[in-house]
Amino acid sequence: MSKDNIRQYSAPVYDGIENAPARSMMRAVGFQDKDFNRPFIGIASTWANVTPCNMHIDGLAREAEHGVNQASGKGIIFNTITISDGISNGTEGMKYSLVSREIIADSIEAVIGCQGYDGVIAIGGCDKNMPGCIMGLARLNRPGLFIYGGTIQPGEGHTDMISVFEAVGQYAKGEINAIQVKQIEEVALPGPGSCGGMYTANTMASAIEALGMSLPGSSAQDAISEEKRQDCHRAGEAVMNLLRLDIRPRDIMTKAAFENAIKVVIALGGSTNAVLHLIAMAHTAEVKLDLDDFVRIGQETPVVADLRPSGKYLMSELIKIGGIQPLMKRMLERGMLDGSCLTVTGKTLAENLAEVEDYPADQQIILPFEQPVKKDSHLVILKGNLSPTGAVAKITGKEGLYFEGPARVFEGEEGAMRGILDGEVQEGEVVVIRGEGPKGGPGMREMLKPTSAIIGKGLGQSVALITDGRFSGGSHGFVIGHVTPEAYEGGPIGLVENGDKISINAETREITLHISNEEMSLRRAKWQKPEPKYKSGALAKFAKLAAGADKGAVTDLNLDV
């Protein structure tokens, strides 16, 4: 059997008399003699019926397998997990969301490493699938690429998942009744695909395309479409080309490529989760990326997309005018992107964009750089005595650039949700939700229910929210998350008391707790570290291993090896 260099990993596992048992196992699943001479390509599928984001991915995986086989490889489908943030948000189950990113990366690494696959295609739909898949690819660094599962269609009346969350707040305010909430619930999500705005899934898919780790156009295709089917088929050809050229993920995932990804995320008005995930992905690829990079890049990159949650349009509408490729070409022509970066096509970013046509002249989704939504980044990195090592704010400018008010403190999301819905939270206040960090939560839950309730109750312009947890890509308003150090680690957010004045200045990038140093020291002396909430299982392991949010909350940063 062939032992050429494109079978570098499969040959030691399957070739030779000594490996007859391994071949026998594979014959049981349908392999024939000819298949053992082909490179083995693992296809990591996140298919599941637990969420519309992933319910169609089994078909996409089979299409990718067909593409691999037609390109003279041998595709082998295996599954990893997915969870649904949209279902678990606001519950104890949401603590597993960020944990699932690590489990996805671990499981892809484990299967590819164990089974001796020469290349990898990973297919993801829901939020944590994207970074988890990329981290899995980067760890073993075998030729591979990512396929995005695609976007859901809009619901009736231009609704989407966030419409349902905000309907709950409208109900609490008395603006709509229970029947109307149910009517929105029934029509907001019409079928397969990831949540339809520039929320976390579409943000990360766009970032991965800009990074060069998915095929051109992959991030902006409807979940059920001929374009997505072809994307999967072409991925089979692409991974075989990467094998022949010996191009590996870390050849593509350079510092310049990550900076391209950050710029595209900002231009699109993408999710705060991109900060967390891009830092984690870069760590796995052994690229130094930190919050200071987001500050530097953010000062020179405007927001030009009028997309939900802060804007008007849905991803399906951006798809109709050309997706993100014309935007990237505009950015390249302005010198904003590094066109020399290598991509999974085997070509540079500039080569991929050479023939891309501009958007239609009458479109209103992507604005001119001369008339941006915001002249600099909406992802504002804040530091100050409340967050010495950094926090991430999502401020488009529609909320204003400065907020000051008395603190309304809640120990965890559930208490905050009750306080908002019951009218405890008043205009002008700064809601502080703590004990939700990577270690303290554990799991760094998203505060989508509280932010949606604030918006639904009409407080979006008059209340700010600060947390050591995260936000959904669907959150909007004056929101600051990823506060570090987190409360569980003794961070200042754990010392805030009701009524303390807090100020947030997006222009100077400062977040300040207005108490004296002496008072801060007195409170710190009284502070006691909470007991871990979990003593065994996945959440306990994550709490023990997770780095701070400013380090991507990865679980392999401080291992004593």
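Keep in mind that glycine also has a Cβ here, set from the backbone N, Cα and C atoms.
Copied from Swiss-Prot, the annotated features are:
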BINDING   C53, C126, C195  [2Fe-2S] cluster binding site
BINDING   D85, D127, K128, E446  Mg(2+) binding site
MOD_RES   K128  N6-carboxylysine
ACT_SITE  S472  active site, proton acceptor
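Shown here: features listed in Swiss-Prot, placed on the structure.
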{"residue": "C53", "record": "[2Fe-2S] cluster binding site", "DSSP (3 states)": "coil"}
{"residue": "D85", "record": "Mg(2+) binding site", "DSSP (3 states)": "helix"}
{"residue": "C126", "record": "[2Fe-2S] cluster binding site", "DSSP (3 states)": "coil"}
{"residue": "C195", "record": "[2Fe-2S] cluster binding site", "DSSP (3 states)": "coil"}
{"residue": "E446", "record": "Mg(2+) binding site", "DSSP (3 states)": "strand"}
{"residue": "S472", "record": "active site, proton acceptor", "DSSP (3 states)": "coil"}
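You'll find the Cα of C126 ([2Fe-2S] cluster binding site) roughly 8 Å from the Cα of D85 (Mg(2+) binding site). Checking each of the recorded positions (K128, E446, S472) against C195 ([2Fe-2S] cluster binding site), the C-alpha distance stays within 10 Å for none of them.
Packing around S472 (active site, proton acceptor) is summarised by its Cβ count: 31 other Cβ atoms lie within 10 angstroms of its Cβ, all protein chains included. Only D127, of the recorded positions D127, K128, E446, S472, have a C-alpha within 10 angstroms of the C-alpha of C53 ([2Fe-2S] cluster binding site). Taking S472 (active site, proton acceptor) as the reference point, the binding-site residues whose C-alpha atoms are within 10 Å of its C-alpha, out of D85, K128, E446, are D85, E446.
On its own chain, E446 (Mg(2+) binding site) has D85, N89, M94, S97, G469, R470, F471, S472, S475 as residues at least 6 apart in sequence with a Cβ closer than 8 Å to its own Cβ. Taking the centre of the Cβ atoms of D85, D127, K128, E446 as the Mg(2+) site, the nearby residues of that chain (Cβ within 8 Å, site residues left out) are I83, S97, L98, C126, T200, N273, S472, G473.
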